[in-house]
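> Take this structure first; my questions come after.
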Amino acid sequence: MSDQKNADVARKLALLKTRFREKALSELELLETAMSGVRAAGIDSGEVVAAYQSLHRLAGSAGTFGYDRLGKSARDLEQILKPYIEGDHSSRSEILHLLNDDFMQRVGSLSALLCEGDIEPSWPVAPPEKGVKGVAEPVVLVVEPDSVKAAELSGALATHGFAVYGFPDTHSLPDKTLATASVVLMRDTLFVSEGAGLSAKDECPPIVCVGSVDGFPERYRLADLGADGFVCEPLDVPVLADYIERLISERLDVGAGRVIIVDDDAELLEHYSLVLEEGGMAVRKVQSPSELPGALSEFRPDIILMDVQMGSYSGTTLARMLRFDPEWVGLHIIFLSSEEDRDFQVDALSKGGDDFLTKPVSDDFLLRAARVRCYRARQLDKLASRDSLTGLLKHSLVKQEVIKEHARCRRLSQKSVVAMLDLDHFKRVNDTYGHRTGDLVIKGLANLLRHRLRKTDVIGRYGGEEFLVVLPDCSIGDALRTLQTVCEQMNRIGFSSRGEEFHVTVSIGMATLETFDRGEDAIEAADQALYRRKSAGRNGVTVFGAGQTDGTGREAV
Amino acid sequence: MTEGKLSLQRIMLVEDEEDIRAVAELALEAVGGFTLKTCASGQVALDQLAEFRPQLVLLDVMMPVMDGPSTLHAIRQTDEFADVPAIFMTAKVQPDEVSQYLAEGAVAVIPKPFDPMTLSDRIREIWDSLQ
């Protein structure tokens with residue numbers, strides 16, 4: 001099939017899949033309600049046969065739409081009902097035996113297996129505050145039976161820029177909501193009793209348990225049941241927010257890998273790329289090795305998957321050749337080869353490869369292997385370009401971004417804004433509460449910026465407690481509003497140390513980027529505005545040139 | 001019916017589930033290049049037989065009112081389509097069940113769930129083995 005046709009079929013399949021999921025969701029809901037009814041009454045007036053048929057349909061159809069696990073579970077449940085259907089006993093005790101707790105729980109967890117997609121979550125406990133348009137706050141679900149605690153926690157997390165939704169238990173948590181979440185926070189006792197079904201799902205976000213008892217056996221138990229994290233009460237919200245942030249960024253890193261596949265076999269090339277694309281990765285296909293250098297510069301992959309022998313070209317030689325260029329010395333090159341001889345493999349690695357995948361490789365294995373390696377490659381790349389504490393760009397890189405953006409603005413006559421941020425009285429925080437607490441405050445602001453700004457905005461840690469931000473295609477008015485929100489929210493975050501709660505404010509200076517001759521001058525102007533804000537009482541935003549002219553007599557705004 | 005070595009083009013699918021009909025259309029028309037007629041029930045299939053003249057019939061086994069085997073039985077009663085090859089599609093694939101379906105006059109059984117991307121290949125294989 002042609003690419004075009006393939007894409008068309010895939011698109012239509014995805015549509016059918018969505019339709020199937022929606023129908024299956026309501027069907028499962030009906031099924032569960034009906035079975036609960038029969039169980040409660042102890043009388044079956046045909047509902048069990050209907051449930052049997054419904055499960056049979058799911059067993060036969062779910063797999064076709066990619067819900068293999070749902071199909072298998074439905075099949076198992078269908079088999080449980082089968083003897084009952086074929087017999088003619090429907091006594092009360094028989095019904096109660098058939099629809100026992102285990103059965104009901106398994107029915108209840110079926111819809112969990114449909115957990116995929118991107119439908120808007122419902123029931124907001126703390127509606128997200130309006131940020132800049134186009135900003136999607138990470139969704140955190142709080143599953144907590146105690147409504148007071150749930151409200152407290154939701155409110156506290158919302159100030160950190162998360163969209164928080166609360167649910168009293170896992171049954172009331174719609175799967176479509178679960179699928180949109182970045183993290184689930186869950187009462188540990190609840191997780192022990194009903195979390196297993198949740199964490200078993202493919203699309204389930206990381207689950208962090210919240211508990212009041214902390215000990216080795218408790219932690220071990222949660223880990224054994226599949227929890228991704230544990231935090232002990234009383235909760236330190238900034239620590240928790242940072243923890244959530246880390247889980248989210250790890251998760252984001254996994255899906256969005258970029259891969260170049262080099263293989264002279266057109267069919268294999270097509271196949272591998274389909275597998276990886278379906279797994280959510282960005283793929284560039286290269287059939288002729290001579291096109292590889294161009295594709296590399298253009299596509300900038302995390303990793304290269306390369307066949308070892310391609311016509312007259314050898315993969316190992318190509319790898320060695322790529323390493324000529326300092327830019328690609330750190331690039332991860334993985335060979336795909338049917339050669340199982342370890343000596344040969346080691347030899348190939350010594351010539352510039354990083355790893356081997358032995359053909360034939362299953363689709364699932366290929367995808368997982370590529371994901372893991374992309375993830376590692378990104379982690380390493382981050383170490384080099386990102387500030388280790390905040391995960392933001394390092395000083396030199398963010399400055400480069402300003403210069404790049406300045407050139408872009410000039411070229412396309414667009415408006416952008418550069419802003420300098422500095423935490424107020426930060427030295428006092430460090431002196432009073434220690435550096436570890438100080439670090440948390442810095443991370444707090446970093447995370448807030450990440451949530452409040454757009455994906456296209458550039459955020460860097462410029463100095464100790466100084467941040468530099470570039471807002472491309474942004475008017476000074478919009479930037480002002482956004483950054484004022486950041487100030488307000490920062491002020492609302494309660495940090496605690498040594499039993500004391502305290503708040504930290506931030507001062508911000510900003511300037512338009514394109515009105516300056518050089519990017520560096522815009523940074524300098526933002527810095528001057530910041531200085532003025534500091535002397536004007538801190539905690540707020542000052543625009544360079546607002547209400548005054550700069551040294552050259554030119555209105556800067 | 002003596003279609004001889006004709007290549008397979010016209011397939012009739014009898015399936016009560018709308019989702020499966022839709023995905024089968026994609027699998028057999030877009031992917032496989034066949035001409036497909038889908039029927040939501042055995043009765044509809046019987047009504048459409050003469051007009052569509054299928055070379056092959058795919059039948060879901062479990063359908064309300066008239067199930068797959070009954071539908072096939074009724075097709076076998078017609079003069080013109082008494083020999084049309086039929087394939088059952090079912091989520092029940094116990095070996096004894098398979099042999100039972102074959103005994104009822106099906107040429108093959110395709111287990112459900114099927115993979116929409118390879119369904120056509122499987123059907124062509126079955127068709128070729130009949131020629």
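Backbone N, Cα and C define each Cβ position, glycine as well.
What TrEMBL shows for this protein is this:
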type	residues	note
DOMAIN	A:9-113	domain 'HPt'
DOMAIN	A:139-248	domain 'Response regulatory'
DOMAIN	A:258-374	domain 'Response regulatory'
DOMAIN	A:414-546	domain 'GGDEF'
MOD_RES	A:HIS56	phosphohistidine
MOD_RES	A:ASP307	4-aspartylphosphate
> Work out how many Å separate the residue listed as '4-aspartylphosphate' and A:HIS56 (phosphohistidine) at their Cα atoms, rounded off.
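Answer for this pair: 44 Å between alpha carbons.
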> Please give me the CB contact count at 10 A for the residue listed as '4-aspartylphosphate', counting all chains in the structure.
24
> Based on DSSP, tally up the residues of the domain 'Response regulatory' (A:139-248) by helix, strand and coil.
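So the counts come to 51 helix, 24 strand, 35 coil.
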> Which listed range (A:9-113, A:258-374, A:414-546) shows the maximal number of Cβ pairs under 8 Å with respect to the domain 'Response regulatory' (A:139-248)?
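Ranked by Cβ pairs under 8 Å, first place goes to A:414-546.
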> Sort the residues of the domain 'HPt' (A:9-113) into helix, strand and coil with DSSP and give the three counts.
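Counting residues per DSSP class in the domain 'HPt' (A:9-113), I get 89 helix, 0 strand, 16 coil.
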> Are there residues of the same chain, six or more positions away from A:HIS56 (phosphohistidine), whose CB falls under 8 angstroms from its CB, and which are they?
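Expected: A:ALA74, A:GLU78.
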> If you average the pLDDT over the domain 'Response regulatory' (A:139-248), what number do you get?
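A mean pLDDT of 84 is what the predicted model shows over the domain 'Response regulatory' (A:139-248).
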